[in-house]
Amino acid sequence: MEERGFLPLRANDADDLCNLPELGEDTILVNLRTRFMRCQIYTYAGSILVAINPFRFLPIYNPRYVQLYAGRRLGELEPHIFAVADAAYHSMLRERSHQCLVITGESGSGKTQSTNFLIHHLTALSQRGYTSGVERTILGAGPVLEAFGNAKTAYNNNSSRFGKFIQVNYWDNGTVRGNYHVFYYLLAGMSEDEKAALHLSHPSAYTYLTHKERHGHPNVNGQDTAEMNLGAGDSEELKHDYERLKLAMEMVGFLPETCKQIFTIISAILSLGNISFRLKSVREEAVEVDGPEAITIVSKLLKVEESMLYEALTSRKAVAVDERLILPLRLAEVR
């Protein structure tokens, strides 16, 4: 009767499976197939998002879609993985509580790519100047993990042979916190002699770890970030994590000298964040280093001449015809 036009066609295409008039395996599969044939690869099942891998790129992940789903309630627009990411992000800010997104599926269903899309949207929402590069850092670890942890199977040419856990920490204002565990491993786990050799101090001595002095973001209850992340209760755990890190590096083939070089570079990065700048005078835009302590430490750790490091931090080179110019950097460029 419906096909002959005597009755209106029942909607067999619902963007939420919970809204199907009859809920069963057949109706669910037909609904998913109908939507998939129209390149609608996402369908809700309540607060769950069902994604069908199209095995090709669809133009639904550009900045316009990021803006489209920003701040919208789940279900307000067409189902999309950005909507799930946005709902989790704003629930975190609104409720001041942790959020968890679980991605599961058969081999080849697109879990890795879905993870990348989630990270893309979450970092886009939190990018307010400071977090530029966070997405690149997180996603950049993917090829390394895949090279050692993925394999070709009968069903999938790039099958992950491991579980993946990604934790992203945020400040109260919704920007991503960029403090990495390894900094705290070294500061809490190294002996006093080891720290002295690398010119390491307490976490509160580093701008990159206290964060608020450099970027002006408030911390939780005004508490010092370094103190918050390295409390007395965490110290022993971080020491254990440091030993685990050294053991893991040894197991995958890092020589002791290589490990020392890596830790030296990490220490130099911490001190590099403590280098501050000021205008040479009110009449010119050129800058100079404000205090020599940090730059002296960095030059010793990296084994470069302090004058060369100073020049690299305060100026840039340019080529004009056959002439090489050294141009001073402005204050906004060195921060």
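Note: Cβ is positioned from N, Cα and C throughout, glycine not excepted.
In TrEMBL, annotation is done automatically, which means it is predicted and not curated.
The ATP binding site annotation in TrEMBL covers Gly105, Glu106, Ser107, Gly108, Ser109, Gly110, Lys111, Thr112.
Annotated domain 'Myosin motor' per TrEMBL: 12-335, in sequence order.
Around Gly110 (ATP binding site), a 10 Å sphere centred on its CB holds 19 further CB atoms from the protein chains shown.
Looking at Ser107, Ser109, Thr112, the binding-site residues in this record, the fewest other C-beta atoms within 10 angstroms of the C-beta turn up around Ser107.
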